[in-house]
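Copied over from TrEMBL:
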- 9-52: domain 'Phosphatidic acid phosphatase type 2/haloperoxidase' (DOMAIN)
- 6-25: transmembrane segment (TRANSMEM)
- 32-52: transmembrane segment (TRANSMEM)
- 64-83: transmembrane segment (TRANSMEM)
- 95-113: transmembrane segment (TRANSMEM)
- 133-152: transmembrane segment (TRANSMEM)
- 191-212: transmembrane segment (TRANSMEM)
Amino acid sequence: YQYPLMFGLILAFCWCSLVCCSRIYMGMHSILDVIAGFLYAILILVVFHPLVDQIDNFNLTYKYAPLIIISLHLALGIFSFTLDTWSTSRGDTAQILGCGAGVACGSHVNYIMGLNLDPAPEMLPLSLSSLTVTVFGKAILRLLIGVIVLLLTKVAMKKATIPLACKIFRIPHDDIRKARQRMEVELPYRYITYGMVGFSLMFIVPCLFHFIGLS
């Protein structure tokens, strides 16, 4: 959408500040951690921003892109952590990697099936339309349906992956909380569950909107 540059800068600054301050407030990171993460994010942006179109085209068009994406994200999740003790960071990392892989695979399936769920590039940027009761009601309905589908996906995958991982690795699952502190359970659960959430977000939910006329 076409919007004033200053509005975008203010929104980005406020969002970034809230994320950084919440990490410090919750005791998850120190000020130096946040500063290092901010600088690291800028470095990633500088390196990868010029390659965004090439990476996106690869994800969409290359035949074996889903296999490469899933393998790469799995490897990052497995080899990024060699902790002997449980840490929330390990699960959070697997969650982010799984969601990213699911989104990429969902986009690939959309492209392969010829589902043009987004406006054509020549139509962009879109102008902000006037807010009417119909537009507002449609947006709220899309939000409710989308959230419900994603929550159902998450619950179903959680119910399936945790017992399965415990069975495969022969870990007692009487205490789910304790079982999830094992890397053999936590990583598959987070990766598969949020991978399916990301896939649903990019493929299943938009297809559902298109089917019921809410696109």
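Cβ atoms are placed via backbone N, Cα and C, with glycine included.
Each of 6-25, 32-52, 191-212 was scored by its Cβ pairs under 8 Å to the transmembrane segment (64-83), and the highest score goes to 191-212.
Within the chain, the transmembrane segment (191-212) has long-range Cβ neighbours (under 8 A, six or more residues past its boundaries) at 70, 73-74, 77, 94-107, 109-110, 115, 117, 142, 145-146, 149-150, 153-154, 157-158, 161.
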